[in-house]
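Listed in TrEMBL for this protein:
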type	residues	note
TRANSMEM	25-46	transmembrane segment
DOMAIN	163-362	domain 'FtsK'
BINDING	GLY181, ALA182, THR183, GLU184, SER185, GLY186, LYS187, SER188	ATP binding site
Amino acid sequence: MTGFTAALVLVVATAGLLRWRRLAWYWLTFGVTLALLRVLVCYGSVMDACGLTVPAPRWRLAVARMTNSAVPGPRAPRILRVRPTRTGLVLRLKLRPGQDAFDVAASCDRLRHSFAMYGVTSREVRSGVVELRMTGYDVLKRVQMPGKVDTRPMRVPVALREDGAVHYRDYRAVPHGLTLGATESGKSVYQRNLVAALAPQRVALVGIDCKQGVELFPLARRFSALADNQDTAAELLDALVSHMEDVYQLIRAEQRITADVPDAEIAADIWSLPDDLRPVPIVVLVDEVAELALYATKDEEKRRDRIITALARLAQLGRAAGIYLEICGQRFGSELGKGITMLRAQLTGRTAHRVNDESSANMAFGDIAPDAVLAAIQIPTDAPGIAITGDSSGGWARIRAPHTSLRQAVNICNRHADLTPDLPALAPFRPLVGIPAPAPAPAVESTPAAA
Ligand SMILES: Nc1ncnc2c1ncn2[C@@H]1O[C@H](COP(=O)(O)OP(=O)(O)OP(=O)(O)O)[C@@H](O)[C@H]1O
Ligand SMILES: [Mg+2]
């Protein structure tokens, strides 16, 4: 008996300690079993209390009357599947006649409290089938990406969603993206995660970092071209536009279409070319985009117009040539001058980190999802990296990228430096030409002690 009591105390103490210090481990060891039991045992009564039941069908009531048996009670949606995950539970429900997905979505908060879960979201899988994703703890507090992610060419995992799913940046589905956020809200860390995720792929990275290059230049070994000031940025963007035109010529030649066909009529893209002919896709990362649009003198104004025109052309025509824009900034609205709203309209993927005012959030979501605007304003200041992102279904989700340090990103970029393609059109902007590669990074990523 004493041995049993000691074992019980040990188990309870371990559970308590894990719950206090390591929520993810607690979930995998104790939490998932307890939650599963709670959901399966209380399912019927919780659904009834949350108003998610329907009365029994008439024929069953009639049969009960005829056979003088007990009157069947109201029925909850049928559970098709329960799947425990590393962060929560996924329930697939078959709705009863008369119910709709909106009923379930409207009850998510009630279900969250009733099942004592951290978060519950729902989505319609197909007509009559709804998926409830429950999270057992705050997965965004300390983001840990799952070991196995579904990475494909030009589709990289970049953050975790609050429902525990991985958020992917899919350049072929959503070619251009805009990331907004106040200062210190986590934009550069998000962009760094993108670079680290793209580094092992066959892709050319081009960076424009008008903060004197502090964010992107340390990652230079994996970049095919970099610019750290407005003048170089203008020339680099012009070079990209001419590269884009060369790619179009190549596609036309492959299509056997005569050179007289105007660009806008070309329907194909680089992905329809044979592998050996396909030009390498390019991701253009712009940090602090407002720096490119500000000017003080007449000359600077001309340069600004040149930059914005080139960006707008790349946004409009770049996708087919495999050029994808990833633009980051604190604000990106009409106060930055002409051409900005036109450019913004081309940037389909929207992500907003913490913003200081509604108008900044409106720049990201005002025209897409008004409730996402509210969610972006509500991001707390003590949680940098949390962001709202529009998703392909027209909805939105809260995400947070893992905290990749600059040192980790540099190591990843250096490790994959041999994958950096040489693009002749961008050769003048290739950083670190002639500088030998550094010694391999130490296995332990610690700050070296001062000599
Ligand atoms: N996903 C994250 N998880 C944890 N901490 C984060 C995350 N993203 C950012 N941070 C913290 O917030 C700090 C600021 O992040 P970052 O430099 O990306 O902000 P920013 O929006 O680019 O700011 P600025 O506009 O001034 O360049 C980082 O140094 C880091 O400590
Ligand atoms: Mg930054």
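Cβ from N, Cα, C; glycine included.
All TrEMBL annotations are machine predictions without curation.
Closeness to ligand 1 is met by THR183, SER185, these being the binding-site residues among ALA182, THR183, SER185 whose Cβ falls under 6 Å from the molecule. For ligand 2, there are no nearby binding-site residues; that is, of GLY181, ALA182, SER185, none has a C-beta under 6 Å from one of its atoms. Around GLY181 (ATP binding site), the C-beta neighbours below 8 angstroms that are at least 6 residues distant in the chain are LYS187, CYS328, GLN330, ALA352, HIS353, ARG354, VAL355, ALA387. By the criterion of other Cβ atoms within 10 Å of the residue's own Cβ, the least surrounded of the binding-site residues THR183, SER185, SER188 is THR183. Residues GLN330, HIS353, ARG354, PRO384 surround the recorded ATP site, their Cβ atoms falling within 8 Å of the Cβ centroid of GLY181, ALA182, THR183, GLU184, SER185, GLY186, LYS187, SER188, which are themselves excluded. Summarising the environment of GLU184 (ATP binding site), the number of other Cβ atoms within 10 Å of its Cβ, over all protein chains shown, is 11.
Secondary structure at SER185 (ATP binding site), taken from DSSP and collapsed to helix, strand or coil, is coil.
Annotation for the binding-site residues GLY186, LYS187: lowest Cβ count within 10 Å of the residue's own Cβ, GLY186. Residue environment of ALA182 (ATP binding site) contains 19 other Cβ atoms, counted within 10 Å of its Cβ in all protein chains.
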